[in-house]
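What TrEMBL says about this protein:
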| type | residues | note |
| --- | --- | --- |
| COMPBIAS | 21-31 | compositional bias 'Pro residues' |
| REGION | 1-50 | region 'Disordered' |
| TRANSMEM | 96-114 | transmembrane segment |
| TRANSMEM | 188-210 | transmembrane segment |
| TRANSMEM | 291-309 | transmembrane segment |
| TRANSMEM | 316-333 | transmembrane segment |
| TRANSMEM | 367-395 | transmembrane segment |
| TRANSMEM | 440-460 | transmembrane segment |
| TRANSMEM | 481-499 | transmembrane segment |
């Protein structure tokens with residue numbers, strides 16, 4: 001927990017972690033340079049070259065005067081064309097370089113912003129290795145194998161990777177060793193995440209620039225992101241989340257997809273880029289498949305109404321299918337991917353594309369055709385997903401379906417309550433749209449949404465009236481903009497249902513805001529008002545609330561401290577065997593696994609059906625079940641020690657969300673009895689004995705028969 005104090009100070013450096021850095025070797029001398037127009041000349045005079053006048057005379061003699069004049073005129077035109085094209089290329093290159101420089105600046109600025117906020121909040125540079133690991137708590141355990149490879153390479157090259165200091169913590173606490181540099185695992189981990197999210201902001205600038213056709217659009221995207229930073233990301237507060245690794249590649253994927261939708265002919269390089277970005281988006285975070293499902297649905301919708309042809313959609317589907325299969329391989333055969341709604345949707349849409357001629361035979365009416373294709377996609381996806389899940393016996397994503405069911409009905413079970421009782425998985429709070437409005441993000445995007453929607457309706461009207469393609473293209477044939485509108489609708493639905501998914505909605509709002517600079521949408525307005533005047537006026541109004549939001553982030557000053565958990569981890573290291581098995585709350589188990597390397601039976605990756613079943617057995621300690629029944633369940637899992645957190649008996653985010661109340665839904669037979677956790681806090685015998693306790697944690701050792 002962050003404590004608002006700064007009692008720590010560094011006294012002296014202790015040591016460098018690896019061999020001292022060798023002095024840099026002198027840079028190699030530049031290689032031979034080729035001079036333009038040069039060449040080796042012979043000692044004796046070479047045959048004399050014919051001059052321009054002589055060449056002209058020979059041409060007149062060979063071709064005749066008229067042909068020679070025509071050739072000279074063509075040559076002059078060719079030279080003029082080449083010079084014009086050269087000037088255009090130089091001008092285009094300069095524009096690209098300016099955009100890249102601005103993008104790099106935006107990336108560095110965002111990296112500095114999140115790094116500074118994180119340091120101000122945690123005082124991370126002055127924490128010990130153990131404290132840094134406790135600060136992460138959740139998913140940092142995936143780092144170990146990657147880091148071993150990295151540190152081995154650094155040691156082999158003799159590069160100094162960290163410097164250690166003695167830090168005086170004050171308040172009567174013993175001094176600790178605090179290391180800085182990429183050789184420290186936690187520092188390396190955070191540095192990689194923050195660097196990746198800095199690069200993400202560079203991609204956002206390029207994204208806004210490309211979508212709007214103006215560098216001002218990139219500026220609008222970046223500033224909107226900063227002005228709504230607290231609604232866009234959690235990386236500065238909780239860097240080790242899987243979304244911190246995954247989301248930057250989603251931004252890149254959306255940019256590549258926008259490029260593919262805009263160009264008339266899809267090239268192989270763009271499809272490879274789409275495939276690679278898909279892979280890096282899905283690998284760290286299994287929820288990515290649901291986001292890609294909304295993307296495929298949006299693409300299918302713009303195909304149905306005629307914004308893209310079947311050939312382009314098939315190429316996009318191929319890239320998605322290849323990336324899905326590669327992820328399946330890289331994740332060691334994770335069958336959840338192949339039995340997902342995303343995979344089913346890809347197969348069904350491919351089948352619809354192949355069966356399009358048959359749909360045309362059924363009905364000549366476009367509206368009926370659209371309805372048939374839409375119903376075929378929806379029903380086909382659901383049926384195929386259910387069949388594949390039954391065939392492979394996979395129930396890993398069943399909790400997602402139940403979670404969505406609970407949003408629209410009164411359905412409740414243990415797993416859904418574990419999600420919905422957490423604030424981030426509840427419905428979007430009412431203050432969020434208000435915060436969007438105060439920074440003018442929502443009003444600007446609503447205007448853009450209205451303009452695109454109006455143009456799209458006119459286009460669809462022309463399609464239904466059987467107008468020819470040229471007339472429709474003159475009206476509005478920008479499928480990438482319609483796709484972004486549909487994707488915005490999908491992200492809005494996700495964000496309203498699950499507040500955590502604001503991380504997709506808010507950044508996409510920022511990207512959509514860049515279209516305020518689009519001449520395609522607002523060219524008529526820019527003829528009356530200077531575009532820069534309008535854009536900078538809007539940004540100035542946004543900055544009123546946006547600067548206040550940034551200032552509130554900069555004003556946060558704290559220091560991480562969790563002495564009870566530090567005592568627990570130190571006790572485990574000293575007093576338990578290396579093969580002792582632990583069970584308890586998922587966040588605490590992640591810390592035990594990371595800091596003590598002891599085996600655990602449950603952890604925060606809740607997507608796996610088997611893990612959910614084990615966690616349910618572990619959390620029965622907070623139910624009203626008999627102690628003997630709970631003990632037997634833990635022994636079946638091979639547990640030696642149980643970490644009981646007494647606060648979990650009474651803590652609840654809202655009514656009905658304490659652990660005993662959640663268990664009342666799952667276990668109505670024991671309703672009304674005293675929660676077992678309260679009994680264990682007073683006297684755990686005869687099935688358990690207390691071997692350690694402090695103000696937060698109580699370690700119960702299971703007595704075996």
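The backbone N, Cα and C atoms fix where each Cβ goes, glycine too.
Heads up, TrEMBL stuff is auto-annotated, nobody curated it.
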Determine which residues of the chain contact the transmembrane segment (367-395) at the Cβ level, with the cut-off under 8 Å and only residues 6 or more beyond its ends counted. 297, 300, 304-305, 335-336, 338-341, 343-345, 347-349, 351-352, 359-360, 464, 609
At a Cβ cut-off of 8 Å, and with pairs 6 or more apart in sequence only, do we get at least 3 pairs between the transmembrane segment (440-460) and the transmembrane segment (481-499), yes or no? yes
So if I exclude everything within five residues of the ends of the transmembrane segment (291-309), which remaining residues of that chain have a CB under 8 angstroms from its CBs? That is, six or more out. 250, 257, 261, 278, 281-282, 316-317, 320, 340-342, 345-346, 349, 352, 370, 373-374, 377, 459-460, 463, 472, 477, 479, 482-483, 486-487, 490-491, 494, 504
Intrachain neighbours beyond the transmembrane segment (481-499), with Cβ under 8 angstroms and 6 or more residues off its ends: 211, 254, 257-258, 261, 291, 294-295, 297-299, 301-302, 307, 403-404, 407, 423-429, 432, 445, 449, 452-453, 456, 505-506, 508-509, 511-512, 515, 520-521
Using a Cβ cut-off of under 8 Å, list the residues of the same chain at least 6 residues beyond the transmembrane segment (188-210) that approach it. 99-100, 102-104, 106-111, 114-115, 118, 124, 136, 140, 143, 147, 150, 182, 217-222, 225, 233, 235, 239-240, 244-245, 247-248, 251-252, 254-255, 258-259, 507, 510-511, 514
